[in-house]
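Colleague: Have a look at the structure that comes next, please.
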Amino acid sequence: MTSVPADLALLTTEEMGRADRLTIDGGIPGTTLMENAGRAVADAILARYPAQATLVLCGPGNNGGDGWVVARRLKQAGFDVACSALAPVAALRGDAAVMAARWNGPVLPFEPAALDGRTLIVDALFGAGLARDLDSAVLRMIEAVGEGRRVVAVDLPSGVNGDDGTIRGGAFTADLSVTFFRAKPGHLLYPGRARTGQLVVADIGISPSVLESIDPKAARNGPALFARHFPVLRQDGHKYDRGHTVTLSGGALHTGAARLAARAALRIGSGLVSTIGDAEAARVIAAHQTAVMVAEVDGPAGLALFLSDRRRNAAVIGPAAGVGDTTFAHCRMALAAGCACVFDADALTSAAGRADILWRERTADLVLTPHDGEFARLFPQLSGLPSRAARAVAAAKESGAVVVLKGADCCIAAPDGRIAINDNAPPTLATAGSGDVLAGMIGGLLAQHMPAFEAAAAAVWLHGAAAEGFGRGLIAEDLVERLPIALQIAENHLRGRGQAG
Ligand SMILES: NC(=O)C1=CN([C@@H]2O[C@H](COP(=O)(O)OP(=O)(O)OC[C@H]3O[C@@H](n4cnc5c(N)ncnc54)[C@H](O)[C@@H]3O)[C@@H](O)[C@H]2O)[C@@H](O)CC1
Ligand SMILES: [K+]
């Protein structure tokens, strides 16, 4: 068993190197892998684009080695192909030298003039071995390629760091990237994701069994990641089996966020849901809610009393709660009650500078759902880490909580080092109240006894699936009402039927 599902695993460049070595040690020659890799790229091109004048840019390592294969295969298919080599062909070593020797077409100097008349550019300069910022010759070439030409990247667009999606000085912007065996975190993390274009993951003959010893910790988020832990609706089940989620409201003028969270918790299957607030707030809430219960709860002591009923087993604290000592005290009370907690929005800001108290007092599952600004306030010491993924993992390790670092490439990190990177969120999700819905969904899944990492991953994916296809005009209320569709889409994925029609 691997820490993350083998199908969804994302490999760092070092892990991909191990996968290659294990395969070669197992008896498949490196040149066979390279031939398979180059053929996969050529096939992806042939499946999409008509024959046209093509330039293959070949780098000094094995990424360049793949490039010579692509050039040969495209030429065989009738393309007019030239190569342009960054390093002298005579200086190439190993498998790349073997493949370069098999190329019998033109090799042009590595200068922008090589692009003249060429409409398809294959970027085989650097892949997993990118080790430093691109130099001026490569940057000049990227600039000269411009926007008018089609770019196909071998493995990764050169300049994109496969481990974290950061850009080393500059990078190609590909229409299509063809990678091998498994994708890398850098394909899914911005800014790398924006440079990747359509991503094809090709089988080059590496057996998934190599993942057993590599045991990758990163995965693309998807139903297979959380399905095993998703709450099952038993025929003989009872609503009390499916937990009781509590969402804490702000004052009378700030009840909407907790109400959205509550309705989302109910839609995701929490057996019972209560929204609680002070006397004035409770009256406003009562005027809006039907299936969600309402209770008047005053201050941290009132919250402690309310949560002392252990059937109330999940709490969502933070949406429109107000920033300050009272919200911080509410967080501490919820932790002391021993229920699973989601701390969002104002709860996170209220904890800035004193969050270590919460980490010490954590007694049960805790999920934190910061966006970048809240994260920076909560974990200022982690701001120097190079990527959102690295920051999320470090924060999870430090806090002992599952950290959902929200954004277009939402990162869900567990204290044991696992990380899921989400890629199904449309830009329409950036709308008021969307985060409140997400927090409620996580709370609703925690109430149903789902482990925190899987609960957070499921909520993030379903949140994206609920928004997908709606288009402009989406508001947070729509997300809640579309959750049944999202749940159906997840089920269809698991049955191998893809998206619901
Ligand atoms: N057997 C294997 O390991 C396989 C590897 N494959 C390909 O091999 C690639 C990895 O090959 P390598 O490890 O040789 O790495 P790369 O080919 O990505 O790059 C390494 C070379 O580039 C140089 N370099 C790194 N950064 C540079 C920069 N900014 N400016 C100038 N030079 C720079 C290094 O000194 C080295 O010569 C993968 O991305 C994939 O395309 C595939 O052929 C499948 C099999
Ligand atoms: K490349």
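Every residue gets a Cβ built from N, Cα and C, even glycine.
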Colleague: TrEMBL records D123, S158 as K(+)-binding residues. Which of N62, N63 is assigned to the same site?
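Modeller: Given D123, S158 bind K(+) in TrEMBL, the matching entry from N62, N63 is N63.
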Colleague: For the binding-site residues N63, D123, S158, G435, which sit with their CB under 6 angstroms from an atom of ligand 2?
Modeller: N63, D123, S158
Colleague: Given the recorded K(+) site (N63, D123, S158), which additional residues of the same chain have their Cβ within 8 Å of the Cβ centre, ordered by sequence?
Modeller: L57, G59, G64, G67, A124, L125, F126, G127, A153, V154, D155, L156, P157, F172
Colleague: In sequence order, which residues at least six apart in the same chain have a CB under 8 Å from the CB of D66 ((6S)-NADPHX binding site)?
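Modeller: Long-range Cβ contacts: M34, A37, G38, V41, M99, A124, G127, V154, D155.
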Colleague: List those of the binding-site residues N62, N63, A128, D155, G435 whose Cβ lies under 6 Å from any atom of ligand 1, in sequence order, or write none if there are none.
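Modeller: The qualifying binding-site residues are N62, N63, A128, D155.
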Colleague: Tally every other Cβ atom lying within 10 Å of the Cβ atom of N63 (K(+) binding site).
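Modeller: If we count other Cβ atoms within 10 Å of N63 (K(+) binding site), we arrive at 26.
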